[in-house]
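Presented below is the structure to which this report refers.
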Amino acid sequence: MPDRDVAGDVNVNAGAVFFFLIFCSDHIFPPQQNSVSRLPVMSSKRVLTASNSLENHDCQPAQKKMRKEPEPTKPKAAATIIGNRRPPVATTRAPAAKSVRVAGAATVAAGPSRGEMTDNSRVCVSWDAFLPPSISGGGGGTRRHAWDLKGKVSDMEGKIANYQGKLKSASLENEQLKGSMAQKQLRAAEMEQELQRLRAQLSDYEKNQQTLLAVQDELEKTISDKNTIQRDLANLKAKFTVMETLRESQEVELQTLKMKLSVQESTVARLQTSLRDSEEQVRSLMETVAQQKDDIHAGEMERRQLHNTIQELKGNIRVFCRVRPLVDGGLSEHIQLSTNDNKMLALAKTEESHVGRAGDTQKSYNFSFDRVFGPKASQQEVFDEISLLVQSALDGYNVCCFAYGQTGSGKTFTMEGDDTEETMGVIPRAVQQMFKTAKRLEEQGWQFTFTASFVEIYNETLRDLLYTGKANKRPEHEIRKLANNDVTVTNLTYQKVCSEDQVLNLIALAKQNRSTAQTNLNDRSSRSHSVFQLAIEGGNAGRDINCKSTLCLVDLAGSERMLKSQSQGERFKEMTAINSSLSNLGIVITALANKENYIPYRNSKLTYLLQGCLGGNSKTLMFVNISPEPDSFGETLNSLRFASKVNDCVIGTATANRK
């Protein structure tokens, strides 16, 4: 509802009533001749009276509302004002957009003034007081005739007077309501101030409450800390009591320790005197140890010299003969071993008479070597005989040991042996001795490094037995002689080793790669010469001594005859290359024995590779292996004759490679 005072609403509706009366006089009540001159005069007076009350008010909104009314509805009774309260909205409230009802009842709404009234109040004025009984439908008296316009006007004037009285009362009530509203506004302002004060007070109370809560928390924390401190105090009191007791016991113990300390001080003084005596003894012992080290070194040098002298007396080229046992374990009849002399060997053969006049004759061939091993000799026994020669390699001498003999005579078994400890051959046992002796010599200040290589000579071609790459990518190898007369092989694998296990693994790899084949004389005949070389470099920093040497262990391929081996094709080619290289080896040894000016080392890859070990500056040992079978008599005799020729060879005195 618009915020307007009641007097304004009533004046606007009064103007609407005035126009409505004119409308009714022109249309509902047609003018008569006798009353035409009176109605305008009376109406104009009333209008002027009404217009005075409607001064400074706009009547256009009421007229527009009358034109926009919907279809006429059934008239309703006018509402009355009951105190300052408005009737219920569902029964008395009209739409806010309509202020005049066509049904004949006008409702004057007295809304609350701005900021004054809180309840909905309404002032209603009945339109029935301004309409004739025929229009209002409620007349309590007799209905006037249509021609009685004067009476009707009189009635209308009375009703207007009644309305004006009511209007005055409404104006008075409006003034009262305005005063009441002003009071209420003042009261509302006071209440607003009181509310602000209460809110500020409430905010202060809330702040005080927060402060009190914080104080309460702090108090609770303080109480908890107090309880904790009290418990700690009780514990400290208990500990203090214990510490007091402990202090008393410590004081007693301290007195005891002081007494012991005085005793210990006297003991320390005595021990210091004893320590000085001990230091003098240690100093004397250290001097003795140094002297003994010098004596040991001198003894080692003397041992090496004596060892070398013994080896020279035995010969720089020594020959050992070893007889392979028979397969069935029996004894051979044509090989005779001396029971008293382990250096003698004889071959006996019964020959038929060619002329038929005399009986069969017994022919014997006697040979003498540095040592002869019978069929029952063990691998350890064989190695013990050459261990001193292997020791010379650590002393700085070049040492070469090779096995010679026919196919199947046991050369590979002598040099390599089997995998068990009892059947190990010369090569693995020599490696073990090398590392054990090198470790023992470390106590005297010696340091050794070892470099291993394994090569085979197959059909006068060098092959690397330690090669692990693809077979179709094997490099070519050539023998080269360096400026210091050392012999090396190009593209060959030289593996540095630090333990005997590494060397044994290399030997196992070489066994797998070595060329072997089956012949009539041996199921696994070695078809090449294998050469194992261990380069040794040693030094004693304290004595400023360095030495360099090579240990060369060779397993030669077996010599064989065409008639017995029945070799054909590739085997025949291999046999020819083997026999040729062995023949060249014999030629070289013969040239060395005869002290010829030219030694044909280059005639064969074998002799060219071994020239550093076969020359005068080396110690050489040859194993001649023979087969005990009677049908091998011819090959055995040739092998023993070749070994005797080598045994008679004198190539000079070997010298150590020292710096």
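Each Cβ is built from the backbone N, Cα and C atoms, and glycine gets one as well.
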Among 268-295, 464-491, 520-547, find the range that TrEMBL records as coiled coil.
268-295
Give the nonlocal contacts of the coiled coil (268-295) in its own chain as ranges (CB under 8 Å, at least six residues past its ends).
444
Neighbour-count leader, CB within 10 A, binding-site residues: Q406, T407, S409, T412:
S409
Where among the binding-site residues G405, G408, G410 do you find the Cβ with the fewest other Cβ atoms within 10 Å?
G410
